[in-house]
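Visitor: Pasting in a structure now, in structure tokens, and then I'll have a few things to ask.
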Amino acid sequence: MSISLDAWMKAASILPVIDSRTRTMIRWLVFGVGLLLFICVQSAVIYDPIWNRAMLPEVDDSYTYLVKTAEMEQCFFQDCPALKDLRKQLGIASGDRQTEMEKYLVEGRIFLVYHPLFSLLIIGLKQFTGTLGTAYQILWTLGPLWFGLGFGCLLAAIWGPIPAGIGLILLSSKVFPGNGIHYVVPSNMAMVIALFVWARIISRKGNAPFTLIVGTLLMVAMHPLGRIFSAIAIVLSLWMIWPTRQRRVLIALIASTCIVALAFLLPLFIDTPVLSIPPEPFLHGRGFFAEIGISVLTVLVEMVRFEPAIFGSFVFFAASVVFGILVLNPERRDRLFIFMILYTLMLGASLVYVLPLHPADVFLRLWIPFLAVLVGAVATAIWFSARQAITAISDACTRNAPLTLENAWPLILFAAFTVYGTQMLFSGIEAFGATREYMKARQPLLLDPEQPKLLLSKAATKDLVLYDNVTVIMPFYFVHGAMELGAIYYPLVKGTAEEHAWVNRPELRFVVTYNPIVSLKEFQSSRDEEWWISSPEFRFSPLSKPRSTYQIGKEGRIDANLFRSLEIKPGTQSIENTLHVFVHNSGNASRFQAMLVDAEGRQISGTSRSIDIPAQSKKWVDTGLLPTPGTSVRIDFPPKTDFSIAGLNFGTSGTMWPWATKSSMRLISKGSGSPVGIRFDPEEIVPASLAGRDPVVLDDRGCSVLVDIRAPEKSGRLTFISD
């Protein structure tokens with residue numbers, strides 16, 4: 001059944017006579033539909049990475065936020081044993097550039113308190129969830145709601161509710177570089193507060209004193225960028241009320257300015273907790289102006305890389321923005337110009353704020369509201385052309401005259417803007433998929449809370465723990481109670497005059513480090529932040545190149561699907577027990593072949609075994625193979641499988657991997673790459689300056705290893721960690 005053009009024209013003729021109450025309802029209905037779609041689509045991107053990973057996405061940053069939250073709960077003045085020790089180590093003199101970088105990391109990731117309100121939100125949610133990690137997951141899951149309401153309010157204040165609803169639909173498929181809006185981090189939460197504050201100020205024509213004071217306080221407490229957002233709010237309010245200069249608003253402006261000033265002044269008077277932001281070191285030897293040039297280049301690269309995902313087509317985007325601004329009514333256009341002038345100046349100034357390690361980082365965090373407002377212009381162009389098209393049809397119906405090319409131009413315009421809006425909406429779909437996979441694949445780590453719990457159960461009050469990683473492992477341990485023990489961060493003392501004194505302290509008993517399977521195939525870098533994929537792989541952009549190297553072990557397991565075979569050779573002469581393999585099978589039933597091979601890799605006759613792996617299982621399986629001196633156990637993986645290896649052991653200790661036998665493992669890739677060798681020797685994973693301390697691995701579940709360097713006598717009995 002088809003609807004004739006005459007019938008459609010008659011229906012359109014009714015629209016201009018709809019009463020104001022119904023019009024208002026329609027406006028907010030469109031807004032509500034846009035908000036709902038925004039929340040649903042954005043949630044589809046983040047839900048799986050948040051809830052179906054072993055750990056939170058962006059593990060390093062997530063645990064940086066959580067360790068500051070744990071400090072607020074357990075060690076507010078940063079006077080617990082671990083932080084006292086680290087503060088002493090930060091004072092060790094060193095001219096080494098890498099050591100200065102490590103000091104910067106410790107100051108920023110462990111000491112600097114820059115998001116107290118964010119921490120309070122997590123602590124509040126923890127009362128219902130029981131753990132800080134789950135509390136953060138819930139806060140993150142609610143992110144699309146915060147962002148949707150914030151963008152919606154700002155767009156409605158500038159463009160009106162219907163363009164705001166359309167704008168939210170267009171924004172629903174957008175992925176922005178950097179933190180974007182798919183990460184709920186302190187700077188983005190400060191931005192959300194700013195969106196509400198700006199919207200209120202604009203809609204009230206600057207007369208929003210209570211909102212300004214409270215909003216400034218919340219923004220400043222949420223993140224240092226809140227100071228910039230507050231400055232925009234203060235100047236915006238002052239500009240909009242200046243002709244009248246209401247006393248209440250002027251008092252609010254002065255109070256808000258004092259709050260921002262206080263945020264800058266407090267670090268000068270308070271030593272603990274640390275509030276002063278450490279400057280980023282200039283590690284690359286570039287000067288100030290060269291760094292500004294790098295920041296500008298970074299912005300241009302990101303705009304090109306994200307053009308399809310954000311703009312669809314930059315040319316059509318710019319044309320739509322200009323049209324949307326031109327058709328805006330004068331009062332709203334004045335509000336828009338005031339906001340955009342202030343924001344443009346702030347964006348320009350952000351490029352002068354040099355961060356050598358994070359070029360244009362402030363710009364890329366600030367520009368999201370700016371782009372959202374421009375998307376509102378595109379939405380206005382669509383809505384204006386739709387109204388004109390309806391009016392043209394209504395007029396033609398009233399005159400009972402046919403539509404011609406001369407009077408049908410509004411329909412053509414509406415069709416053009418609608419086609420572009422649709423293209424803009426759907427151009428971000430690939431970016432969505434790539435971003436979701438990136439969030440799932442980056443930092444595929446598994447750290448078990450039972451490990452720091454074991455540490456605390458075995459440690460005496462004054463024991464020291466040596467860490468060699470400050471981006472993930474140390475914050476994780478601190479969140480789970482290890483701040484109550486002393487701490488040595490080895491990169492801070494390594495190679496200094498005080499190294500001997502620190503590592504030879506009698507209280508030093510434990511070492512925590514990465515499991516050797518958590519590394520790149522080529523072992524390219526000792527810095528773990530260089531191990532992970534660094535950005536989504538957008539196939540539509542020539543500036544996005546696929547990464548060729550990945551971690552051997554993901555979430556503490558070796559993916560059997562990536563390798564052709566595995567060989568394990570004990571490093572000790574006497575082996576009393578057969579090789580056991582801990583398999584983690586998430587799919588259908590499978591199997592692998594196990595056999596003994598000689599030093600040349602030739603199979604020893606009569607030793608082949610076919611080992612069955614049940615579907616959906618996590619268990620130890622016995623290969624029944626006992627290697628003799630000069631032989632190894634080889635495991636041949638099937639061409640395609642869903643299982644992974646989470647442990648190999650000859651049963652001489654209660655660990656997942658064969659540390660007690662100091663075994664060597666060799667992985668043969670399916671591709672043309674060279675074999676990868678790993679040695680499970682406790683002496684090789686602790687600093688060389690600890691030689692002679694007889695290290696024994698206490699726990700190696702997941703991606704970290706807990707080592708006792710003043711270990712009790714070994715039992716030698718056959719034990720396995722439970723399935």
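Heads up, the Cβ atoms here are built off N, Cα and C, so glycines get one too.
Features from TrEMBL:
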- 25-47: transmembrane segment (TRANSMEM)
- 104-125: transmembrane segment (TRANSMEM)
- 145-171: transmembrane segment (TRANSMEM)
- 183-201: transmembrane segment (TRANSMEM)
- 213-242: transmembrane segment (TRANSMEM)
- 249-270: transmembrane segment (TRANSMEM)
- 309-329: transmembrane segment (TRANSMEM)
- 336-355: transmembrane segment (TRANSMEM)
- 367-386: transmembrane segment (TRANSMEM)
- 407-426: transmembrane segment (TRANSMEM)
Visitor: Would you say the transmembrane segment (407-426) and the transmembrane segment (213-242) are in contact under the rule of three or more C-beta pairs closer than 8 Å, pairs 6 or more apart in sequence?
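Guide: The transmembrane segment (407-426) and the transmembrane segment (213-242): touching, no.
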Visitor: So are the transmembrane segment (183-201) and the transmembrane segment (104-125) touching or not, going by 3+ C-beta pairs under 8 A with a sequence gap of 6 or more?
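Guide: They are in contact.
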Visitor: For the transmembrane segment (407-426), give me same-chain residues lying six or more residues beyond its boundaries with a C-beta closer than 8 angstroms to one of its C-beta atoms, as numbers and ranges.
Guide: 166, 169-170, 172-173, 311-313, 316-317, 320, 323, 378-379, 381-382, 385-386, 388-389, 391-393, 395-396
